[in-house]
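A.B. asks: Have a look at this one before I ask anything.
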Amino acid sequence: MSRRVVITGLGCVTPLGRSLSESWGNLLSSKNGLTPITSLPNYNEDYKLREKSIPSTITVGKIPENFQNENSAINKLLFTSQDERRTSSFIKLALRTTYEALHNAGLLNPNDITINTSLCNLDHFGCLIGSGIGSIQDIYQTSLQFHNDNKRINPYFVPKILTNMAAGNVSIKFNLRGLSHSVSTACATGNNSIGDAFNFIRLGMQDICVAGASETSLHPLSLAGFIRAKSITTNGISRPFDTQRSGFVLGEGCGMIVMESLEHAQKRNANIISELVGYGLSSDACHITSPPADGNGAKRAIEMALKMARLEPTDVDYVNAHATSTLLGDKAECLAVASALLPGRSKSKPLYISSNKGAIGHLLGAAGAVESIFTICSLKDDKMPHTLNLDNVLTLENNEADKLHFIRDKPIVGANPKYALCNSFGFGGVNTSLLFKKWEGS
């Protein structure tokens, strides 16, 4: 069995906004979602004393303080007093964003968080939500208390930190009784969650799923760790593909997608947004934090997605790149994209490429989920977003970069892209590519 899989609902909270419409609108409007670390409310208390490890010049991609739904009645259902005690921030963010995706998909009963069971069988409704780190805040704070004060541990400490508890809490809150599944593949987590849901539906194991990832890992310890690993830029500017790029900006956020078989979506007369047609993945088997210089692993993931979709390289119109603004990573990805997608392409069929991370930073585990949503919106709205802070494009051997159409200054509107690729790569050599198709009817 191999069924077609379509996208029917989207939800996200990002440094650009607390909803899909706000985030997408601000991305297209060249808004910068990055914040100087010195402007954080807890800067003096948590960061200033650690300036040797965390320079005051860095920026972060902070989500809005109040990311909850504007409807207070819905908030009371989503976040009970028990939830406040039992759940950590990445779980609460997942609950909030899942509500938006389910509402966007037209699955919820009016003014409620319950799913209309006349539209779907909850026994076949899967929940696939991952996180790269989980709750570093709870681990850090509980460790301090236990070590310094010998205080009793919160009985919910373990359920608050496990990365699968976003999926667990979402499935409980919305009564999703299909499979509960969670991956943690560093910065590829979101793409893997969506890709796995694609396969579960495609193979007939589930009829419908909510899939994505949540990350709220802005914390002195995580920042200090990434700075020590020389991953983060200390000049505060995320510059994907630029010759002056010097590392990523750490961000947080969440993205959720409702996916279902085409038959299931048509049966309930759903509003179909896009179709997922390919999923590729590979391992670099090279280094724990760096890709091979030639981007071979990323290339193989792209080629696998194309093969699954039964498409030619020239069919792809747009690449939403992982491009985190690191020296080695951006170049390796460009080489992979050029090698996999440029052969046979005529000058009349440009390959557009951009990165969202100039505007939102690197959302770690949630990056692929949020960027997949932006990729889907690019196809739906015929607007391919540009890369913020891209002034001087990197160079590649044999002038391959000249053959890629880097989107700068403003979005590309009216090019009518039909197929778009979203890449996400992670520490440990994880490579993932999702291939989306513009929905033009069955």
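Indices start at 1 and increase along the chain as displayed.
Keep in mind that glycine also has a Cβ here, set from the backbone N, Cα and C atoms.
Remember, it's a predicted structure, so these values are computed and weren't measured experimentally.
Reproduced below are the annotations present in Swiss-Prot:
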type	residues	note
DOMAIN	2-438	domain 'Ketosynthase family 3 (KS3)'
ACT_SITE	C187	active site, for beta-ketoacyl synthase activity
ACT_SITE	H322	active site, for beta-ketoacyl synthase activity
ACT_SITE	H362	active site, for beta-ketoacyl synthase activity
A.B. asks: How many Å lie between the Cα of H362 (active site, for beta-ketoacyl synthase activity) and the Cα of C187 (active site, for beta-ketoacyl synthase activity)?
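C.D. replies: For H362 (active site, for beta-ketoacyl synthase activity) versus C187 (active site, for beta-ketoacyl synthase activity), the Cα atoms are 8 Å apart.
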A.B. asks: Could you tell me which of these active-site residues, H322, H362, has the greatest number of Cβ atoms within 10 Å of its own Cβ?
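C.D. replies: Selected residue: H322.
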A.B. asks: What is the separation, in Å, between the Cα atoms of H322 (active site, for beta-ketoacyl synthase activity) and C187 (active site, for beta-ketoacyl synthase activity)?
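C.D. replies: With distance taken Cα to Cα, C187 (active site, for beta-ketoacyl synthase activity) is 9 Å from H322 (active site, for beta-ketoacyl synthase activity).
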A.B. asks: Let me know the DSSP-derived helix, strand or coil state of C187 (active site, for beta-ketoacyl synthase activity), please.
C.D. replies: helix
A.B. asks: Looking only at DSSP and grouping its letters into three states, which state does H322 (active site, for beta-ketoacyl synthase activity) belong to?
C.D. replies: coil
A.B. asks: Looking at Cβ-Cβ distances, which residues of the chain lie under 8 angstroms from C187 (active site, for beta-ketoacyl synthase activity) while being 6 or more apart from it?
C.D. replies: G132, H322, T324, H362, L364, G365, A367, G368, S424, F425, G426, F427, V430
